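Copied from TrEMBL, the annotated features are:
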- 73-177: domain 'FAD-binding FR-type' (DOMAIN)
- R126, P127, Y128, V143, K145, K151, M152, S153, T194: FAD binding site (BINDING)
Amino acid sequence: MFASIRNTIPRQFSRAYSTAPAGGKNGNGVLWASLATGAVLVGAYYYTRSKENQEGSVASSSSTPVTTALDPKKFIPFKLVEATPINHDSTHYRFALEPNQELGLDITSCIVVKAKVGNDEKPTIRPYTPVSEQHARGHFDLVIKRYPDGKMSNHIHSLVPGDVLEIKGPIPKFPYKNGALKEIGLVAGGSGITPMVQLIQHVLSDPNDNTKLTLVFANKSEDDIILRSTLDEFAKKHPDQFKVHYVVDKASSADWKGDVGYITKDLVKKYMPAASAEGVLVGICGPVPMLKSISGTKAPDYSQGEVGGIFKELGYTSQQVFKF
């Protein structure tokens, strides 16, 4: 129902609601950190193209069983077939699958990418979230922002059609079950929007899933809001099911109608479902300072850890909080 989503990734900021560095695991141990989902300026083009691809796949594969490409136990080489620049530092990459093959990505999950970079003895491994529709056949898509000190992002930006990239997955995160919750509140900072968009798209695409969704999405500036047009379109098409609220460090114009500053206790209380409500979950993904302030960070072993920060103050339990 929804399009393939492509994105750019904002640069690392030190503010509590900024993106995390792409050069490694972000401080909260989140495997989603390196990639966010969507491109605001080219969303319409991507939507049209994705729809055509999906329709073509369905038409050509009615009599052939669908297979999945990913293997969670080993890295598999995937061939790059197309690299399309999005802006000065972000590029859309399309990798080939068999004509009647899906990547095999679960909701919610990501992939890990491996490559031997430069003269390093050990391969570099980084997590990314595919931006193609979950059941797209014949291809999958990544959008990668190039960071000056990002080993993997620089390596991927050096690839040309015909080159391969080794990928393993899916790496599962939150085990979402359709209709199991009444309301989900999501807090994202910068590129932490990735798992949120994946989950939002999945819920809204299922006419039998009436789960209500509220997203608070924080960035340094309006220009750094990833996938804004797509999120706004979701909200427009599903006004009774999905709400989005933007927060920026500093408004760049008098026309800004969203919130300004950090994500505070009052703001969380204003937008998130109450901890006392039944069937509620609050999810969060972002850089370490943001998690420390709002939810508490993950444990050293990357397990969920204790609930802390604003979520703890507002009474959310460990069963009601998920740190992506």
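Each Cβ is built from the backbone N, Cα and C atoms, and glycine gets one as well.
Any TrEMBL annotation is an automated prediction that lacks curation.
DSSP labels the residues of the domain 'FAD-binding FR-type' (73-177) in these numbers: 7 helix, 50 strand, 48 coil. A simple way to gauge crowding: the CB of K145 (FAD binding site) has 25 other CB atoms within 10 angstroms, across all the protein chains here. Cβ neighbour counts within 10 Å, taken over all protein chains shown, single out T194 as the most crowded of the binding-site residues R126, Y128, M152, T194. Residues R126, P127, Y128, V143, K145, K151, M152, S153, T194 are recorded as binding FAD; their most distant pair of Cα atoms lies 21 Å apart.
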